[in-house]
Each structure stands twice: as C-alpha cells, then as structure tokens.
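Report on the following structure.
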Amino acid sequence: MEISWGRAMWRNFLGQSPDWYKLALLVFLIVNPFIFLANPFVAGWLLVAEFIFTLAMALKCYPLLPGGLLAIEAVIIGMTSAAHVREEVAANLEVLLLLMFMVAGIYFMKQLLLFIFTRLLLSIRSKMVLSLAFCVAAAFLSAFLDALTVVAVVISVAVGFYGIYHRVASSRGEENDMLDDSHIDPHYKTVLEQFRGFLRSLMMHAGVGTALGGVMTMVGEPQNLIIAKAAGWHFGDFFLRMSPVTVPVLVCGLLTCMLVEKMRWFGYGETLPEKVRDVLQQFDDQSRKKRTRQDKIKLIVQAVIGVWLVTALALHLAEVGLIGLSVIILATALTGVTDEHAIGKAFTESLPFTALLTVFFSIVAVIIDQHLFAPIIQFVLQASEHAQLTLFYLFNGLLSSISDNVFVGTIYINEAKAAMENGAISLKQFELLAVAINTGTNLPSVATPNGQAAFLFLLTSALAPLIRLSYGRMVWMALPYTIVLTLIGLLCVEFTLAPATEWMTQAGWLATLS
C-alpha cells in the first residue's frame, strides 16, 4: 500500500535524518519569526545557537541543508538583507576561491601524496618514529595545502592497505566485503584487531598534524585567510606573527605524539603486525614493478608543481585561489588529464563546504545587523590589554570546540576589526588579538570532530567503520592533544606573544600598518 502524501513529504524532508532532528528544525523555523517580532536581539542569538546545533549534529545531516533553511528564513523575516549577505560574500571572495581552486588543485597531486605516505608506512619500522613522521608530514603539507585533502590522502592509503590485508584474511579475493568479518579465519582476527588499532592511531596523529601545521600559515585553514585579510598580512607576515604561539605548540604536540605512543595511553601504541607488513610489502613490490615511465614522469611533474605552489605562496605572487587555479591547469595539462568529467571530480570535495561557508556569511551578516556580539566585545574590551588576549583566546577556543572554527574565527575577527576602526583598541593591540583569535579557533578545536573539518571528514569517511573509529573514541584519542595544545597555546598567548612580537618588530622582521 502506498504511503500518504503527508508521509511522503515528511520522508523527503531532510531525507534519512532522524525524525526528532526534522521536528527540531521545523520548530526552529516556526518560532523564529515570532521571537524576532518580540525581541530581535534574543531572536538573533537563538538563530546562532540553532546554527551551532546544526553544525554539532553534522553526522545527522550535512549542515548546509538545515543551516541554509535558517539563513533563508533570516533574510525573509528581516534579520539581515540579501544585499548585506552579498557584501559579506564579496568581502570573502578570496576564501571561496581558496576552497574551490586550491582543494581541487591538490586533488591532481594525490598520486605524489599517496606515494609519500606509502613509503613512510613501509619504510619505517619503529611505531614511535612512524607516528612522528605521519604527524610531521601532515603538519608540513597542511601548512601549504588544504587539511581536508591531506586527510583524504591518508584515508586513501589506509583504506587501500586495510582492503589488501582483509582480502587475504578472509580468503575471498575480489569478492571481499571489507565490512564483513564473518569469513575471517579465527587466527587472523587478533591480527586484524591489532591492525585496526594501528591504523586508528596513525589517522589521529595525521589528523592532529593537520591542525598543528594548519594554524601556522594563512592558507592552512580557511579562517586563517579571513584573519590575514582583515589584518592586511601576507604569507611571511602571518607565519612570523603566529610563530611565538605556533612553534612552541608544534614542539609540544610532537612530544605528546611520542609520549602517548611510548606509554600506550588513550588507545595509542599498537604496532603494525609482521604478518600484515609482509602482505603489504609484497603488494607494494608488485605495484612498483608495474609502474611505467609515464607514471614516474607524472610523479616528477607533481613534485615540481608542489615546489611552484610553495614558492608562489611564500612570495605572494598571486591571490591564493588563483595560485590554486594555476596548479589545476599545470597538473592537468602536464599529466594528461583532459576529460571534463575527470576534472569535475576534483571539485566534488570542496564545493559543498564552499556552499556551507556562504551560509556562514549569511549568519555573520545577521550577527552584524543585530549587534549580537556587542555585549561580549564590550566586556572583553573593558579588561586590560593583556587580559584581552587571554579572553579572546578562551572564548574562541570554547566555541570552536563545539562549532566550526571557520564560523567562529570569522565572527571574532570582524568584531575585533570593528573595535579597532571605532578607536576602542589600537592597531598594535588588534594585531595581537588577531593572533589570539587564529590560535584560539585552531588549537582547542581538535577536541571534537565538530570543530575541525578534517576530523569530521575522517569520522564520516568509509574508513571510520572499518577501523572502528567512533565519535566517542575520536574524542578520547584527541584528549591528550586537546589538553596540551590548548594549555600551551594559552600560556604562549599570555606570556610570549607580546614580547616576541615587539622583538620581531624592532628587529625589522615585521611591518606594522600605520
């Protein structure tokens, strides 16, 4: 018997999302206009809370859909205007270009990145050294590339290796279902569980590595570029200004990586079983024999393009998004990717998040029009200049651990810049606050998958169920990093940021706008 029209509409609305989630969103959409009529300020804060809720529930439904509905309603009922949304989007065009073109550009360098991580995995026998190598490699790559892409590459390596061993363990060949363990021989099951633990720890080290490297440069994370643009910094300026906080945090993060592996704390410490290593090494040897001269030239070309990418970013030869576009053109032209559909696949990863970021800017427009953060900013600005840095760092960190750090960073840098333009703070203080905001949004956000897009990508990937990586387990494994990164970042913001910045300015390394 066919279902009713009403039931059919209900099932279509937000698709497979739970009924309670659909109902919650409908309640939001119904009550918002009435609350806005009664008290626009309260309605604005309610909208922000609802939007953060959709980000926190990203596993139930991709936030673009519910967040987009809330944003559309906000424009319709007058919380902001379509013209203001357009202005916010136009002001952040560089960030949108970064997401569209840089992420797509790195897609065409995946073969090189896969080659690097595969060599690391099979060449290094010490688990501690291997974990450190994965963390450092992810940090370095994320400083110049998109963190999502770096994590995607590591996921590809892990899924590939897991599938190779699972086929051997189940004796099912090409018909093997990686999610089905029913055909695994009993003596292989223990080895498989150890292999899962090994992959889980490597994925978490790599994920944290992207956060450690991503905070250091203006292209490491989308919000970095927003903050850099607001402060008028180029690539070198940004790196130097962040370094009093980010360099000590990087060192302590790497020490944490070694410590948890050595002590086998928080689910770390599993080694690669020898049986698995033998199978993977055999497969890699066969793959290397099959590699043609054409394949080798592709790897060389991608490496050269990587050098161009780093050089162009460091010397600021063009806007970041345009450098990404040049990578797309060079990588496709020189490696023989000429089919439109093959090129189109590169954009599937970035465009949903680009659309979501545009929705972020709609909510930011509401925050500006309704002056939602005015009381918080006034409270912070009443404190001493030294205390302001700590408060901005903590407020950013708290929000970023439960919400998306791009959203949080955008809000706070806009408010800080408005305070500077109104004469509430000096330019020098604004530049220090920009560092506190950037580090505050990036470092504590490793606490949960909600804050770091790369972590959320890992949690929702095909790999997560294979290696038994759940939301709770991810939070638990991230906990030592969360504590160390947050505390060291806070101490550096409080004690080393201002004097180190002053020293670099006097040494002529930094130029302050006047």
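First residue shown is number 1, and so on along the chain.
Cβ coordinates are placed from backbone N, Cα and C, and glycine is handled just like the others.
Pulled from Swiss-Prot:
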TRANSMEM  23-43  transmembrane segment
TRANSMEM  63-83  transmembrane segment
TRANSMEM  97-117  transmembrane segment
TRANSMEM  120-140  transmembrane segment
TRANSMEM  144-164  transmembrane segment
TRANSMEM  202-222  transmembrane segment
TRANSMEM  238-258  transmembrane segment
TRANSMEM  303-323  transmembrane segment
TRANSMEM  357-377  transmembrane segment
TRANSMEM  391-411  transmembrane segment
TRANSMEM  447-467  transmembrane segment
TRANSMEM  475-495  transmembrane segment
Inset, instruction - Tell me, please, if the transmembrane segment (97-117) and the transmembrane segment (475-495) are in contact, taking contact as 3+ Cβ pairs under 8 Å between residues separated by 6 or more positions? - result: no
Legend entry - Long-range neighbours of the transmembrane segment (238-258), counting only residues six or more past its ends (CB under 8 A): 128, 131-132, 135-136, 139, 205, 208, 212-213, 215-218, 224, 228, 431, 434-435, 438-439, 443, 480-481, 484-485, 488-489, 492-493, 496-497, 500-501, 504, 509-510
Inset, instruction - Output the single range from 23-43, 63-83, 144-164, 202-222, 447-467 maximising the number of Cβ pairs under 8 Å to the transmembrane segment (357-377). - result: 63-83
Legend entry - Cβ contacts the transmembrane segment (475-495)/the transmembrane segment (391-411), at least three under 8 Å, sequence gap 6 or more: yes
Inset, instruction - Report, as numbers and ranges, which residues of the same chain sit near the transmembrane segment (202-222): CB under 8 Å and 6 or more residues beyond its ends. - result: 95, 98-99, 102, 121, 130-132, 134-145, 147, 150-151, 154-155, 158, 228, 233-235, 238-239, 242-243, 246, 249-250, 253-254, 257, 268, 313, 320, 357, 405-406, 438-439, 442-443, 445-446, 452, 454-455, 458, 463, 467, 469, 474, 477-478, 481, 485
